[in-house]
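One structure is given below, represented as structure tokens, and several questions about it will come after.
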Amino acid sequence: MASADKNGSNLPSVSGSRLQSRKPPNLSITIPPPESQAPGEQDSMLPERRKNPAYLKSVSLQEPRGRWQEGAEKRPGFRRQASLSQSIRKSTAQWFGVSGDWEGKRQNWHRRSLHHCSVHYGRLKASCQRELELPSQEVPSFQGTESPKPCKMPKIVDPLARGRAFRHPDEVDRPHAAHPPLTPGVLSLTSFTSVRSGYSHLPRRKRISVAHMSFQAAAALLKGRSVLDATGQRCRHVKRSFAYPSFLEEDAVDGADTFDSSFFSKEEMSSMPDDVFESPPLSASYFRGVPHSASPVSPDGVHIPLKEYSGGRALGPGTQRGKRIASKVKHFAFDRKKRHYGLGVVGNWLNRSYRRSISSTVQRQLESFDSHRPYFTYWLTFVHIIITLLVICTYGIAPVGFAQHVTTQLVLKNRGVYESVKYIQQENFWIGPSSIDLIHLGAKFSPCIRKDQQIEQLVRRERDIERTSGCCVQNDRSGCIQTLKKDCSETLATFVKWQNDTGPSDKSDLSQKQPSAVVCHQDPRTCEEPASSGAHIWPDDITKWPICTEQAQSNHTGLLHIDCKIKGRPCCIGTKGSCEITTREYCEFMHGYFHEDATLCSQVHCLDKVCGLLPFLNPEVPDQFYRIWLSLFLHAGIVHCLVSVVFQMTILRDLEKLAGWHRISIIFILSGITGNLASAIFLPYRAEVGPAGSQFGLLACLFVELFQSWQLLERPWKAFFNLSAIVLFLFICGLLPWIDNIAHIFGFLSGMLLAFAFLPYITFGTSDKYRKRALILVSLLVFAGLFASLVLWLYIYPINWPWIEYLTCFPFTSRFCEKYELDQVLH
């Protein structure tokens, strides 16, 4: 026992252990007890705790943790993951802006609203205007945390500029010593300047790839320049304020500096603002109003010479960063204007402004607003331009004007002689293709979307007439054509048609039973595919005969209507599914679709051919519902596309900056679909293309934004009347031909309902928050009811109100809207 105590009682003892038995008897291990330190010494060993809580967390650097931080920043315990229904409810509430923890985003929405209102709807109130000119109060800035604001400095986010030489510029020529990283607040000083560390060696340069040098050489040869000048141009014209990552200097720092400037966490990166495009433009007059005594201040209190700062020079001696960016690039990078909520492009045109008295809560919401990138606007404009150019190059341009274009030509018709024929075509003042080509491309056209009663009656009458037709054979055996008896010359031709029991037929042989009518160049007795035999005997009704794909190999069958040379076949003419049996020349002159393999109009489906795109699942039932949204990407011509591009690059782009691409794209597409759906109901036989309903839906968004920012504007009634005057003017323009006012009206209604639900909203208190939730629910329910009623009217209860034509084409003169649509009244 004494030996055990001597060797240390704190050592583990295991009975029967071989290691313990082999221990030398004279070996003794003495472990001194831990010395108790004085409270003053213990506190002095800890790192000094900053009084400012902004130093507890750094965006750019990571501080070494002390004992005083371990208790405050403990790892959170495990929590149960939220259920799917809770996640859906939370995401939905955040989307509509009615969640309880959405205060931060609501402030962003409010700031965007003020920016937009100041541009679109006139002057703001004085308090709001002053608040917009002040910096953000919620986010700590460089001037507020490190030094008083000496001058107006551009903010440049440069997360890679975090070297030791910048943090400790006084130690450039002295031995390096370990320092804890000090990064003030949310944004470090290095984020506002572009200074690289490292003074020991030159920067590394990235080698030029072979492909890049090849492209440079090819471009030089095309321009007639020397290849050596093109390859050396890169080295001579490297003028940039920020070097690429491969050009960065290596920091001669120790392990601590390498650790604290390695990577950024997800939370830190999300908190860094994108201030590259939010700063004012850099110019020579930028520091003109700054006194000579005022200069930027570094983190250690060292004044930076203004000349060196404005010139883009490094802080330390011997450092070079290159030259400044070109003036155009700087203007593009630093002079991006924010979009004020309630003020935008239209408000800037109409000289709107905020009112003078606005609460501090609303001011904070307006202050934190930022602008989105208009990705949807750029994508939509690119698609519109490309599709319009392809359509023009493929289908050409129709006659330009507002009237009807008449073309007369001598064409070979059914009787075998040339006749003077007129082709009437509606002129297109948009400088684009004809209406027939637009329908074939996917324009809004009701007969291609659902079954139309008038067109069905037209097809039924044509088939009744075809049952009484026969084969008109020329007496000189020059040819034959399927026609009526009244159209067949009694002196120059023979009309071949058997009645019920007349004609050569064998009553005993049912397979050789003579049909009740005759079709030129088709007979069930000579057709081998499909053959008329057994259970597949062709009926007496010729309108139910199939297309014969294979005839019997015989030069002379003895049948007059088979041995003749056929001159006319079915041709689909017009946009209503009308069919005529005529010559190929006449069909091409009338811009129809000639069917070479068919002999009867009942064997072809003209409406399926006229509509184009994907074939109908059932040739008798149109089902191209996708025309409702496909027509949003088509235009009637070059001028139409230019008008859409101007509208999108002003109104749509401005609204997308405010609300983001996802919200604006939903409003744009749904309002356009609703407008086209209503136009298909009330104007079924008119081919319409273009985003007319979508554009008026965006105009409705301006009204909704005006209503939501009513308390912020100095003169809201003036802004309302100005917007109303613009919409009224556009509605009057819709009374002209080729402009769809029905799509405008319903697109405006649907856009207003969707804007109340999806656009950002500024809350003016708790009651206003609950009012917003009720407004979202009511708006979505009303829109769903409107859309469902339009679908029912289109498919189940079709309506035909001729008087509604005056809303989209008012007859200012007797011939202004006459025959605007060819064959509008079907006979």
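Using N, Cα and C of the backbone, Cβ positions are placed for all residues, glycine too.
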Same topological domain name for Lys718 and Tyr770 in Swiss-Prot, and hence the same side of the membrane?
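Topology check (Swiss-Prot): Lys718 vs Tyr770, same domain name.
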Pick from Ser60, Ser226, Ser246, Ser327: which does Swiss-Prot describe as phosphoserine?
Ser60
Pick from Ser9, Ser87, Ser578, Ser767: which one does Swiss-Prot list as phosphoserine?
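Swiss-Prot annotates phosphoserine at Ser87; the rest carry no such entry.
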Looking at phosphoserine as annotated by Swiss-Prot, pick the matching residue from Ser147, Ser295.
Ser295
Looking at Ser83, Ser194, Ser532, which is the one Swiss-Prot tags with phosphoserine?
Ser83
Run through Ser28, Ser85, Ser293 and tell me the one Swiss-Prot describes as phosphoserine.
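Annotated as phosphoserine in Swiss-Prot: Ser293.
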Far apart in sequence but close in space: which same-chain residues, 6 or more away, have a Cβ under 8 Å from Ser87 (phosphoserine)?
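Same-chain residues close to Ser87 (phosphoserine) (Cβ under 8 Å, separated by 6 or more): none.
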What is the total of other Cβ atoms whose distance to the Cβ of Ser83 (phosphoserine) is within 10 Å?
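Its Cβ shell of radius 10 Å holds 9 other Cβ atoms.
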Counting only residues 6+ away from its ends, which parts of the chain sit with a Cβ under 8 Å from the transmembrane segment (382-402)?
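For the transmembrane segment (382-402), the sequence-distant neighbours (Cβ-Cβ under 8 Å, at least 6 residues beyond its ends) are 425-429, 431-434, 437, 441, 633-635, 637-638, 641, 644-645, 648, 737.
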List, by number or range, the same-chain residues at least 6 past the topological domain 'Cytoplasmic' (649-663) whose CB is under 8 A from its CB atoms?
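Distant Cβ neighbours of the topological domain 'Cytoplasmic' (649-663) are 112-113, 115-116, 119-120, 339, 341, 344-346, 371-377, 380-381, 695, 698-699, 701-702, 705, 758-760.
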Looking only at residues six or more beyond either end of the topological domain 'Lumenal' (740-744), which have a C-beta under 8 A from one in the stretch?
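For the topological domain 'Lumenal' (740-744), the sequence-distant neighbours (Cβ-Cβ under 8 Å, at least 6 residues beyond its ends) are 672, 675-676, 678-679, 682-683, 686, 688, 692-693, 696, 730-731, 734, 804, 807-808.
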